[in-house]
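Below is one structure, written out as structure tokens; comments come after it.
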Amino acid sequence: MRIGDRDFRSIWPGEDGDCVEIIDQTKLPHALEIARLTRLDDAAKAIADMWVRGAPLIGATAAYGMALALRSDPSDAALGHAYDTLHATRPTAINLRWALDRVRQEVGRLPVSDRAQAAWTLAARMCDEDAATNRQIGENGLALIEAIAREKSPGEPVNVLTHCNAGWLATVDWGTATAPIYLAHDKGIAIHVYVDETRPRNQGAGLTAFELGNHGVPHTLVVDNAGGHLMQHGMVDLCIVGSDRTTARGDVCNKIGTYLKALAARDNGVPFYAALPVSTVDWTVRDGVAEIPIEQRGGEEVSHVVGMSDHGVVERVRIAPETTPVANYAFDVTPARLVSGLITERGVCEASEAGLAALFPELARKQA
Ligand SMILES: CSC[C@H]1O[C@H](OP(=O)(O)O)[C@H](O)[C@@H]1O
């Protein structure tokens, strides 16, 4: 997608072919810095420290991490070590395991001499697939926005609320929750987005607002706790969020605070959708609240904030007493009963076992 007058993906192979390049998202929105990943530990650090984040992008980075590892040592032992190292970076987004399993399965069966190139080619293909998948999610979600737009007066925008960043920066391109928004905007449909700042790492304020601003999509940044008020006053027509892991029965694990938005949406009759590729469905899990591991990150993400001072210096400042204990839960689970539907690359379905099985029978059957 666009940043200024240039088109970007969030991750791409370096020109000299010996590295993979990423946008270091910890520097946005204040600086656009490109980081070069040249070995396994670079990829692991980029995921763990959230230089890259978002389920699909975590998966894509992990795939390239495996490829970088196999370049230095294509042995079975090295493949296993790379898998374990990358898998240990973050526990919640299922795309990480999905991507690692796919690389290990497709490349591990090859002769050792073929593995490095095969892994590199596969990682690139997975990135292209992700971009195409998200574009299709956009087409399928666009229909929801168009249906609302038809009920509006000419020029009156469809108001969408989104949480965290499920944009092109959370994927290889297009995003999941934002893909329908971009397509609606590009089609000339009047649309406006309420962007949850999304404490504590502020992916909404720093990433979603950055994306929408660069694409020219009207948007308003709001504090996380404003969503209920906006919905009570009829200011939100539709909620679209991303997912880090959706269960076989349609429970949606996403950034902390998503569940509260879903509760407010239900109480106010606002449609609440999750947009996700099928690679984000964990078919082995049904009860998301009971079974999905919720990442707990360092307390400093809550007790401090990072921003640019009035003097143009990016600084980190403390906002809580030094003696205050901190809990930093990074995700929560929205039960399927609160989800109006799932927007996938194969269409929009009910957040249920039957809904997912109808769109992905071959995958649902495997788990039966
Ligand atoms: C399209 S997945 C986006 C998903 O990932 C984010 O989490 P994080 O920034 O911690 O990786 C958030 O839950 C987004 O909705």
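Glycine is treated like the rest: Cβ placed from N, Cα and C.
Bear in mind that TrEMBL entries carry predicted annotations, made automatically and left uncurated.
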If TrEMBL says Arg53, Gly54, Ala55, Gln203, Asn254, Lys255 bind substrate, which of Arg36, Arg90, Arg286 does it name for the same site?
Arg90
Within a 10 Å radius around the Cβ, which one of these binding-site residues has the most neighbouring Cβ atoms: Arg53, Arg90, Lys255?
Lys255
Gln203 (substrate binding site): tally of other CB atoms within 10 A of its CB:
28
Could you measure the widest C-alpha to C-alpha distance across Arg53, Gly54, Ala55, Arg90, Gln203, Asn254, Lys255, the residues recorded as binding substrate, and give it to a whole number of angstrom?
17
What Cα-Cα separation, expressed in whole Å, is found between Asp244 (active site, proton donor) and Lys255 (substrate binding site)?
8
Taking the Cβ of Gly54 (substrate binding site) as reference, which residues of that chain separated by at least 6 in sequence fall under 8 Å from it?
Ser10, Ala93, Asn165, Ala166, Leu169, Ala170, Thr171, Gly242
